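Chemist: Here it is: the structure, laid out below.
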Amino acid sequence: MSLAESSWKRLVNAALQRDRAGGGAGGGTGQGSLMDYVPSSLPNNRDIDAILRAADELQNEDPSIARILCEHAYSLAQNLDPKSEGRGVLQFKTGLMSVVKQKLAKREVGTIDRTQDSKRLQDFYRLYREKNNVDTLKEEEMQLRESGVLTGELERKTVKRKRLFATLKILGNVLEKVAKEIPDELKHVIDSDAAISEDTIAYNIIPLEAHVTTNAITGFPEVKAAVAALKYFRGLPKLPDNFPIPATRNADMLDFLQYIFGFQKDSVSNQREHIVLLLANEQSRLNIPEEMEPKLDDGAVHKVFLKSLDNYIKWCDYLCIKPAWSNLERISGEKKLLVLSLYFLIWGEAANIRFLPECLCYIFHHMVVEMNEILRQQVSRPAVSCMPVDSHGGSDVGVSFLDHVIAPLKLFTMRMAEHLIQSGETMTTLMSIFGRFAHSNLVGRGERYEFEAGREKHRGGKTSFVEHRTFLRLYHSFHRLWIFLAIMFQTSLQALAIIAFNKNSIISTKTLRQILSLGPTYVLMKFSESLLDVIMMYGAYSTTRRLAVSRIFLRFIWFSLASVFICFLYVNLLQEDTKPIYNSVMFKVYGLVIAIYGGIQLFFSILMHIPSCRNIASKCDRWAVIRFVEGMRQERHYVGRDMYERMSDFIKYFLFWLVVLSAKFSFAYFLQIAPLVGPTRMIMKQDNIQYSWHEFVSIKNYNALTVASLWTPVVAIYLLDIHIFYTIASAFFGFLLGARDRLGEIRSLEAIHKQFEEFPGAFIKALHVPVTNRTFDASHQKAVDKNIVDAAHFAPFWNQIIKFLREEDYITDLEMEMLLMPKNSGRLQLVQWPLFLLSSKILLAKEIAAESNSQEEIVERIGKIEYMKYAVEEVYHTLKLVLTETLEAEGRMWLERIYEDIDTSIKNRKIHNDFQLNKLSLVITRVTALLGILKENETPEHAKGAIKALQDLYDVIRLDVLNFNMRGQYEMWNNLTQAWNEGRLFTELKWPKDPELKALVRRLYSLFTIKDSAAHVPRNLEARRRLQFFTNSLFMDVPPPKSVDKIVFTPYYSEVVLYSMAELTKRNEDGISILFYLQKIYPVRGMMYYRKALMLQSYLERKAGRDGGESTLFGNNMTDAEGFELSPEARAQADLKFTYVVTCQIYGRQKEDKKPEAVDIALLMQRNEALRIAYIDVVDIPKEGISHTEYYSKLVKADINGKDKEIYSIRLPGDPKLGEGKPENQNHAIVFTRGNALQTIDMNQDNYFEEALKMRNLLEEFDPNRDHGIRPPTILGVREHVFTGSVSSLASFMSNQETSFVTLGQRVLAKPLKIRMHYGHPDVFDRVFHITRGGISKASRVINISEDIFAGFNSTLRQGNITHHEYIQVGKGRDVGLNQIALFEGKVASGNGEQVLSRDVYRLGQLLDFFRMLSFYFTTVGFYFSTMLTVLTLYIFLYGRAYLALSGVGATLRERAISLDDTALSAALNAQFLFQIGVFTAVPMILGFILEQGFLKAIVSFTTMQFQLCTVFFTFSLGTRTHYFGRTILHGGARYQATGRGFVVKHITFSENYRLYSRSHFVKGLEVILLLVVYLAYGNDKAGAVSYILLTVSSWFLAGSWLFAPFLFNPAGFEWQKVVVDFTEWTNWLFYRGGIGVKGSESWEAWWEEELSHIRTLSGRIMETILSLRFFVFQYGIVYKLKLQGSDTSFSNYGWSWAALAIIIFLFKVFTFSRKISVNFQLVLRLAQGIAFLVALAVVTVGVVLTDLSVTDIFASVLALIPTGWGILSIACAWKPIIKRIGMWKSIRSLARLYDAGMGMLIFLPVAFCSWFPFLSTFQTRMMFNQAFSRGLEISLILAGNHPNSDL
């Protein structure tokens, strides 16, 4: 059984036992346990928890002792909270006493005499030590440790010893409290045992406050040096005698800071370890020789100091103030460490204020000044700033940095947030709240920081920026783009006009005047931008600094005057059209003004790209005049300055955009604008057009609406097609860059086979630390083959990769055996390759030898077949070695003679003459039989069999194979014959027992017996993909790694889910459990491979000697990796470099509520010693009779008993969740991270061991010497592999889409565009850079809902550099169900809608250079805006067509186009919408397939996706993104969507699909169909049928996709039984009226109210009203098309249609009259309804018979009035409060229910019809789960509802 199978079995059994036993949570309490959850409100709950754990352990051994411990725990709880006022304390005490009385006391016979408890404890203490042989155990452990043998026995003894001494320490502590007197002898033993109880003092990584003998970290020289550097130095004032210092360490500078500023004890301990690790990591990279007493290098201190305080230094420089130190060069190393420690202590307790790095800089600045004053004194005193207001500085009572500095800031934050929410602001940004506070209201008064409460009343609100919810924000943020596009559009029109009207003299005075019209356009658009500046600042004028307000109004005045002046000059210039240019004064003035302005702009643009000029500008930035000029040109902010790139990078992305813009404008000019200029002129000249309706606008107005319907789609395409050209260009650039980086070179098993012999050398070059001499064995002083050395170093890593693939159940045992590589460190002087390369090669070589006629032919033919030569050589030499070691006496002599003859024959090229090669099969048969016996253990029977096999082999060689004359060796052969005759030949055998020799025997046997080719090993597709990617990455540009002790690593963030057994076995409605699904598709993997990789690398490097050492292969077997996981040094090195922190805010509550999730988390900690859990503990503490809630940020790990053990507990200033949950969760846990690099891992991600080996290479990218541009990287982008792609076709679409972006797309964003952002996990952060600049995400509610990308924004704005690297990958699970995907895409689109409004996007759009701004726009919010514009273009085009059709203009123009034979006009009216969906957006995916799969596979993959209807899915996603992006900008309402990311293989009900997609897709799809029908009915003739199809096929496809994609991709969507159930469930939902507390999933009315909740603001209501007016066009147009009207176009006809509508609404009201109201006159109501129905029917009948009203008119009227009703309904919903006040809301709700019922039936009927045909359901299943079928997934069984888990 594999390790994976056994682990899975143990997990399932343990979970079943837990469920059956009803075990609780919270540390693993189960049946019979005494320990309950100890309330957090008890201050010393750690001590109580430890005592109860000991009692739980000892209850079966001695109930009396357990009873004594429980009673002592009760007394401690009673003393801590006598009145039981804390939350859960009373229940805890009651439960504990109940346990004591009912369980433990009953086990004690007779009356309990508690006076003997002391004696019982003393006796038990002695007995417990003797029983467990404590002293002997210590000695045995010490002996094993000193032996250096790494076995599991040492681990077991260490754990046992720790547990015993932990229990002994608890017994000793309780005994000291209970006993009045303890014998001296026992007291000495207790003290001695307590000193050894190292694990009773909690520590995270380094035991700084505990005496530890088993943790090797404390012995590392860099750690010793860092700890020693923090000691209490001479210049520090003396601490008070009563200040507590642990006996296990000396006082240090952090103790001094703790005393004077009142930092929390655990926070100080946390930061002490943090600083030690920072210093130790930096020290380890300096290559300092080891000394007896390591000393921290000044260079390490200086580097950490500068990097940690870099933001503070720049902040001081920006404000033109000096830092807290006068001269940095004069500061001693101790003072630097003191200042550094103060900063991190401030940061560690800052809580939510960590999001405001400049606020921390301000606090730090003043606290350093205050600290300097205290340093001048002899004795330490508390800082006044951290004491209560009413104190006088003479006492340290109440000194608290948290309470008196951070808490007021937190309180102010909460008040401001409440103020903004109450005033209608849904977006509360911390930066907005603190923009003024950090500069003005936080003032230094003496030595105290006070909040000026008086100003709060007058200056509350936002500052410097207001997030107004409007689409104008896009123009405001990216005005340079829109100005550029407008100028270029105008230029194209002018160029065409010039060519059209000045064919003979293109260059003329008139031409020049036309070109100069660009000036007014530019200044007017700049004026509009400055006007928007004034408007967008509304709401923040009173709170914004005067300088910033002055700048806004000065710019507005300047551009106002400039616009008037330029326009005045240009108008006068036009009036002088008769004058020559050289005589025109206006032309000269105008040209001079334009030249001066343009020259200045060009000069500054070029100047800012010259490094020396930038440096001069930065130095001059302190001058007020320079700041003013710079501020007038662009905004001046601390965050967002100096975002320039070096010249070479600028040229690269300039050339990229030059290509894109050239293609875009060429397309726009020749294919969009030019074909329409002529037809437009012709349309404008048309007169006497007979309109079908009452026309208001176009008559005598150059047919304005017709021209608008022609040009508006073109303008829309002009604005969006730049994104299409960017997509195409980036795809080709990305393809070329990927090919350059050698991606996709190894894309098949065949490629792995061909290039495997190159892998060891590539591995040494790429992933291994440098080996100084790879051709010389120092231990034996002899030369060795470099290939053997490389293979020996490569083998242990390759083998671990293969073993982990087996553990993950991707390969079988046989495949693992074939893939494993021999150690290559033995006595064979050749490279031994894995069996999968050599399998069947010997048997083929045998045939070649038998068929060949010469030795040369044999050599040639064997050399042509890959690895056959290696197989033959290995068999030849290995067989000689094995037989030499096995045979004795004459047998060995015979063997040596045979090999000598063979060597001689080969040398003389006479192998064919001397040996019968056609008889080799007989030799192989005998050798195989011999090896088959030798691979077994030695027994008498096996010995006889081996002798018999050797004798047979002797006979075959002597009689059948040998061909030469034996006379030359007559004496030897005579001796052999004599031994043979006497029966003693081969009787003396030395059985192979050496492990190496045994392995060689087994390998030889495999080489002889494996007959099948291993060309398909491994068979698992995921295993193949992983091996292909890993081996391919060996040949890529990878930074050379440093040894493990020199790398800088850090903890991870993560969200963890462990499925409980109940969750695993719970069936959905189809009878399928998650467990069955996991068994069929994917095993579960963890993220702990990093630690294992570090341990393996560290272990092998230490065996080889530091820094790689020289190759000593054959001496100490340095490449043997056995036991590496047990090496104390390797484990310590891994712990020093890596810790995995899981942020689980609610873990404390789960423990308290005894949730099974808490047990799952505890199990994870127990299995992974590097795992830490960070959570928020909510504690209710009584203060003066009032319950007071406190919040603690805690870090726990597993203790020696597998329970969670608290390491740190840091009190917070209040509820940490002010903003979005996820970033706040990250923020509270970030203080527990360490090191210089930080990687964030989400719960849907996975990792692989082979990729973990490359992490230290990736970390070397942070090296400033690597060429990444003008700045070193601050975020390293990492490639992701979506491993859920094979689950279904939807999952495959998402996987391919995601892969295209995270590989090809981000490759181009990083280089050459230099604008890659952080798009989520698993990017690696420069941790110190980010924690000193606001963290790794932003947390403001709503606006930061896409919190991840704001880390990239923040990094870029703060002069960071984000790179992308594809030689390493991390697994990622994506959503696999359509509803999940839609929710996820809706969340992302909503997040982008909120980003449009953010100050981050605004500053990036304003302050980036033009071409980086283009890259930023089209890869973030611009992508979604272009997507929305694509759909809007469709609407514009169809409404334009509807206008032409309904107004009659279209028919007239077609007739005149034909009569005039004007083909251009026909083309303009029939072919203008070719790019409405953006066909070319599939190019990146295709090129990505070609690059990484090969051309043929790419074609097959893409074709398969088309057959699986991927185009339908992507079109549907287009609607999702458009709806949520647009709605968010208009109305807001973005919120975090829990997509589930589970294993969705279940049928989704019709009502659920309708609820989710009704407003986003169904309504819009039906509207498109309505427009198409109108165009078909009124705007098309027989001659235009083909053009109609060509023009509208994509629109029909889009509408069909939006309406039916949820059912096409719904499992069992066309199964008749489920369709029937869906209909019943939908009707029940539709007509259930609901009530208070009813959810939207239960009632249509509740859902409808939820759908309207986003319309809250006046502007939103107005916009909804304006947008809804479009639905009235149908009624207005169709009314005049009725036969009843004839040719009458009077406006009264439209009025009569409204009267008809009013009658219909009245009839609807009659038929839907409330039953509750009419209960007393039911008969009258029914009579009235009957009469109304008959009258309506009679009126319609009479109208058809007696008038021109036709049946067609009736249907047309319905077609006209349905959208009108929807428009009325939409407007009523927008003004819901008013409609409610006038009492019409119930009628509106009834009308809305009718519309939803009608829409639902229109969609449901085709689905029901399709479900009549069973083959459609089968086809759908095959389409959705095609890949799963190919992998053997029983999807039919799943969807059929069978129960495959019955065996569990």
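One-based numbering along the chain as shown.
Heads up, the Cβ atoms here are built off N, Cα and C, so glycines get one too.
The shown structure was predicted, so the numbers you read here are calculated from the model rather than taken from an experiment.
This is the feature table in TrEMBL:
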- 334-432: domain '1,3-beta-glucan synthase component FKS1-like' (DOMAIN)
- 481-501: transmembrane segment (TRANSMEM)
- 553-573: transmembrane segment (TRANSMEM)
- 585-607: transmembrane segment (TRANSMEM)
- 653-674: transmembrane segment (TRANSMEM)
- 715-739: transmembrane segment (TRANSMEM)
- 1416-1438: transmembrane segment (TRANSMEM)
- 1473-1491: transmembrane segment (TRANSMEM)
- 1562-1579: transmembrane segment (TRANSMEM)
- 1585-1609: transmembrane segment (TRANSMEM)
- 1694-1711: transmembrane segment (TRANSMEM)
- 1723-1742: transmembrane segment (TRANSMEM)
- 1754-1774: transmembrane segment (TRANSMEM)
Chemist: Grab the pLDDT values for the domain '1,3-beta-glucan synthase component FKS1-like' (334-432) and give me their mean, rounded.
Modeler: 81
Chemist: Sort out for me which stretch, of 481-501, 553-573, 1416-1438, 1694-1711, 1723-1742, has the most Cβ pairs below 8 angstroms to the transmembrane segment (1585-1609).
Modeler: 1416-1438
Chemist: Same chain only, please: residues at least 6 beyond the ends of the transmembrane segment (715-739) with a C-beta under 8 Å from a C-beta of the stretch. Say none if there are none.
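Modeler: The answer is 485, 489, 656, 659-661, 663-664, 667-668, 672-673, 1303-1305, 1307-1308, 1311-1312, 1366, 1418, 1422-1423, 1426, 1429-1430, 1432-1433, 1436, 1473, 1475-1476, 1478, 1480-1481, 1483-1484, 1487-1488, 1490-1492.
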Chemist: Sequence-remote contacts (6 or more beyond its ends) of the transmembrane segment (653-674), Cβ cut-off under 8 Å?
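Modeler: Distal contacts: 488-489, 492-493, 495-496, 645, 714, 717-718, 721-722, 725-726, 728-729, 733, 1312-1315, 1411-1412, 1414-1415.
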Chemist: Mind checking which residues of the chain, 6+ beyond the ends of the transmembrane segment (553-573), have their Cβ under 8 Å from one of its Cβ atoms?
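Modeler: Those are 513, 516-517, 519-520, 523-524, 526-527, 529-531, 533-534, 584, 586-587, 589-590, 593-594, 632, in sequence order.
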Chemist: Which sequence-distant residues neighbour the transmembrane segment (1416-1438)? Criterion: at least 6 residues beyond either end, Cβ under 8 Å.
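Modeler: Apart from its flanks, the transmembrane segment (1416-1438) reaches 474, 478, 481, 712-713, 716-717, 719-720, 722-723, 726, 1305, 1309, 1315, 1317, 1349, 1389, 1392-1393, 1395-1396, 1401, 1404-1405, 1408, 1472-1473, 1476-1478, 1518-1519, 1521-1522, 1525-1526, 1564, 1568, 1571-1572, 1575, 1595, 1598.
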